[in-house]
Amino acid sequence: MIERLWAKLGKSSLQPGEPIAPHNVPEHVAIIMDGNGRWAKDRGLPRMAGHHSGMKAVKRITIAADRLGVKYLTLYAFSTENWKRPKAEVDFLMKLPQQFLEIELDELIANNVQVRMMGHKEDLPSYTISAVEEAIVKTADNTGLVLNFALNYGSRMEMLEAVKEIATEVKRGQLAIEDIDEKVMADRLLTSGLPDPDLLIRTSGELRLSNFMMWQLAYSELWFTDVYWPEFTEEHFHEAIKEYQRRARRYGGL
Ligand code: FPP
């Protein structure tokens, strides 16, 4: 099925002689898709053009991840802090999930992709949430790549909510303080049921986490590139995966 998507983008760019080890592909890749605005500015275009182009990169990298056998791809599409941007830009960003899913949902279904979302739904416009919810429902039984959009997501808020939930359970006598462990916390995060990211990619040269998955990234490999998100290609994605494969993950051990 995925061939239909591949055909549109041309042949895989994976070069002979630069193999990606199939047994060591990260199960979960998380991406901070940064640099849309600067990409547009460099071209004398409005910031929205950068976001629109960023949406095309989402498709490109979803296909690239699926081809490699990545199981979970989490994309930071809108943070709890992004509301501070001018209203016109926020409105534009809020329309992107709907636009993307209008064009791509059938392909995602045909390719066995499961759409998920993590973030606070309450503050999102109804057209955003209904598009995402439709995609979630229609792809719920799919068993291929999990495409997880972080939308109105913030790690501190996520952890605070989890702590409040735990405190409530303790107060009600449903949970003993001694039983609070990493699993209890992880189960109350928005990523409950997902493995932690093995690899975090951030584009555009910024070297920070920006309130993204700060619990879940504790032992992830971090990979940064100066490339702006709209120009991030399958080749760049492969570079990141190959670098990941060169790393030794020790999780604090030897
Ligand atoms: C950061 O770049 C990017 C965002 C805040 C939005 C990311 C959204 C997309 C890439 C499209 C999402 C697509 C779907 C389908 C949900 P920036 O605007 O901060 O760039 P700058 O730092 O150069 O200004």
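Glycine is treated like the rest: Cβ placed from N, Cα and C.
Automated prediction, rather than curation, is the source of TrEMBL annotations.
In TrEMBL this protein carries:
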ACT_SITE  D34  active site
ACT_SITE  N82  active site, proton acceptor
BINDING   D34, E221  Mg(2+) binding site
BINDING   35-39, R47, H51, 79-81, W83, R85, R202, 208-210  substrate binding site
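Structure with TrEMBL features highlighted.
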residue	record	contacts (Cβ under 8 Å, 6+ apart)
D34	active site	R202, T203, S204, E206, Y228, W229
G35	substrate binding site	G50, T203, S204, G205, E206, V227, Y228, W229, P230
G37	substrate binding site	R47, G50
W39	substrate binding site	G50, S53, G54, Y228, W229, P230, E231
H51	substrate binding site	N36, A40, E89, F92, L93, L96
T80	substrate binding site	G119, H120, N152, Y153, G154, M157, N211
N82	active site, proton acceptor	V90, L93
W83	substrate binding site	V90, D123
L209	substrate binding site	I32, S155, L217
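Taking Cβ-Cβ distances under 8 Å and a sequence separation of 6 or more, the neighbours of E221 (Mg(2+) binding site) in its chain are P26, D198, L199, L200, Y244, R247, R249. Highlighted here would be the binding-site residues (T80, W83, R202, L209, E221) whose C-beta falls below 6 Å from ligand 1, but none qualifies.
In this structure, the residue listed as 'active site' belongs to neither helix nor strand by DSSP; it is coil. Secondary structure at R202 (substrate binding site), as computed by DSSP, is strand. In the three-state DSSP assignment, the secondary structure recorded for W39 (substrate binding site) is helix. When Cβ atoms from all protein chains are considered, those within 10 Å of R202 (substrate binding site) total 23, not counting its own. For the recorded site, L209 (substrate binding site), the DSSP three-state label reads coil.
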